[in-house]
Amino acid sequence: MQNGAETYRRIATISAHLNPSPSSHQMEGGVGLSRANCRAKGGSPGFKVAILGAAGGIGQPLAMLMKMNPLVSVLHLYDVANTPGVTADISHMDTGAVVRGFLGPQQLEDALTGMDLVIIPAGVPRKPGMTRDDLFNINAGIVRTLCEGIAKCCPKAIINIISNPVNSTVPIAAEVFKRAGSFDPRRLLGVTMLDIVRANTFVAEVLGLDPREVDVPVVGGHAGVTILPLLSQVKPSCSFTTEETEYLTSRIQNGGTEVVEAKAGTGSATLSMAYAAVKFADACLHGLRGDAGIVECAFVSSQVTELPFFASKVRLGRNGVEEIYPLGPLNEYERTGLEKAKKELATSIQKGVAFVKK
Ligand SMILES: NC(=O)c1ccc[n+]([C@@H]2O[C@H](COP(=O)([O-])OP(=O)(O)OC[C@H]3O[C@@H](n4cnc5c(N)ncnc54)[C@H](O)[C@@H]3O)[C@@H](O)[C@H]2O)c1
Ligand SMILES: O=C(O)C[C@H](O)C(=O)O
């Protein structure tokens, strides 16, 4: 038997579906706001997550996978195009998270207010022949604007930056937050998880193992020689010939280009990236929840080297990055790689900082 409140909830749901507010571009599963409020009040406890660039090649599968994450209670999908369709589609999945869509800059603040975690895959991808740095001119401005919104509306949120070039967009975000007086280095993380996912896969192939059993630390940054796999620290413990080391290092460093070339002008990695982004976001949410022993590699504000940002293993907790681990013992091949990585990283970091300061 239905009680009065339940009957009211059902009538409100049906009426919202039949009479969506024509003045509102903000979408609750494509049907209007009253249903959103109704469901959100009764919704399961969990974290509020926003995806900025949610209608893109990464954004869509990422939104789908986050809708399946039991730690997420509210999922905000923001883009400058196509969010109504993506929101309507994803909202029909019978999982716990309430989905709301936001379209265009006027709705950015609504999309961000109250968020615990903001994931940013907004921006243009590479075409064959381009470097990630070639994306700087367009993506730098996009990341700056989105981070200005974050500084205003959810300055305590954990930020996962996917937009390339990560080696510059993370420093851009940091400068924006510093200017706003809200920079907390623990809460800003560049997503390098795809490098780890690839490294685990390629190393497992060489070793004849299940990739789920393999753990390869990848440090430095997220472009070319700045992607530095530490093959001497692979778990389970193993060794590689010089030929294997060179093959694996090159394949891991060029994994993104391998996909860009295979996609022949239609974009870069989207599905494996969405998988990696969710793996990383899920680790951040487990940290936020207070789970112990959550360790992943990420590109963060760091003192592991003389550079202000560097990717290495970090422990995630209630405040984001709780601890940054040193690189551990490196062999001669890795030490040479580290010097090359640092040289390129220094330039990319400086370029990002200068972009906001100019
Ligand atoms: N960190 C990594 O490992 C990694 C991996 C793959 C791709 N990427 C990067 O992720 C970015 C997105 O790739 P994609 O394949 O999803 O591209 P895409 O073009 O398919 O999607 C990008 C989305 O961003 C949206 N967008 C553009 N400007 C925006 C703004 N101002 N605010 C909000 N949304 C905006 C677009 O409308 C589009 O929906 C690229 O920069 C790519 O290089 C990073
Ligand atoms: O390679 C790209 O441009 C996208 C991304 O950074 C990747 O590593 O796949």
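The backbone N, Cα and C atoms fix where each Cβ goes, glycine too.
TrEMBL lists G53, A54, A55, G56, G57, I58, G59, N139, I162, S163, N164, M273 as NAD(+)-binding residues, and of the candidates D79, D184, D291 the one it assigns to that same site is D79.
Mapped onto three states, the DSSP output places G57 (NAD(+) binding site) in coil. Listed in sequence order, I51, G53, L77, D79, V86, P121, A122 are the same-chain residues six or more apart from G59 (NAD(+) binding site) with CB atoms under 8 A from its CB. Each residue in the domain 'Lactate/malate dehydrogenase C-terminal' (192-356) has a pLDDT score, and their mean in this model is 98. Taking Cβ-Cβ distances under 8 Å and a sequence gap of 6 or more within the same chain, the neighbours of M273 (NAD(+) binding site) are I58, L62, P121, I162, L194. Listed in sequence order, the binding-site residues near N164 (substrate binding site) (C-alpha within 10 Å of its C-alpha) are N139, out of A55, G57, N139. Remark: secondary structure over the domain 'Lactate/malate dehydrogenase N-terminal' (48-190) totals 66 helix, 30 strand, 47 coil, with classes taken from DSSP.
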